[in-house]
């Protein structure tokens, strides 16, 4: 978990491409959200190396490849990619963690994580939503970045969870994880307000 958490400050430092309009950034965000919604299942094309539900593709790692490009990729498309991955992983939480439903290590091991698959999927989905919002806010003027993540996450959850997975529960789980990603910012905001009130009281 320490290695995964180390990417949080990295995600926060990614800067948007200069000269790109807000409309273009939003368009790239939406495009990448759609494309990366299907990226986790690319393991089906690499079964010689990766088991289905591979730990490599069913994680934030594919989106982090865009983060490594930094300036060239820009913050908006990375944020969109993270939203797509977050929705996919959230929906996968509904699968029984047996057989192909589990998260698997790649060759030469191909060992399943068993019940820990829930922890892996849930943690990566939560981190993806958190980082997506941070990057979107850096790329688009406030409050459009946050609103774009919220709207895209909701619409994608409904279309993928309900239409593709044919399960309302998939939509509910995805939205629950999305709302959970706001707990940290909410608590931080409350602490700041409390400190400001205390400072004013002491000054008075």
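Backbone N, Cα and C atoms are what each Cβ position is placed from, and that goes for glycine too.
The transmembrane segment annotation in TrEMBL covers 26-47 (among others). Long-range contacts of the transmembrane segment (26-47) within the same chain, counting only residues at least 6 positions beyond its ends with a Cβ under 8 Å from a Cβ of the stretch, are 20, 53-54, 56-58, 62-63, 66, 74, 76-85, 87-89, 92, 136, 139-140, 144, 148, 152, 156, 160.
The transmembrane segment feature in TrEMBL is assigned to 59-89 (among others).
For the transmembrane segment (109-132), same-chain residues at least 6 beyond its ends with a Cβ under 8 Å from one of its own Cβ atoms are 1, 4, 7-8, 11, 51, 53, 55, 58-60, 63, 79-80, 82-83, 85-87, 89-90, 92-93, 97, 101-103, 149, 153, 174, 177-178, 180-181, 184. Marked as transmembrane segment by TrEMBL: 109-132 (among others).
Sequence annotations record features per position, and here TrEMBL assigns transmembrane segment to 144-162 (among others).
The transmembrane segment annotation in TrEMBL covers 168-187 (among others). Sequence-distant neighbours of the transmembrane segment (168-187) (same chain, 6+ residues past either end, Cβ-Cβ under 8 Å): 86-87, 90-91, 93-94, 122, 125-126, 129-130, 133, 150, 153-154, 157-158, 160-162.
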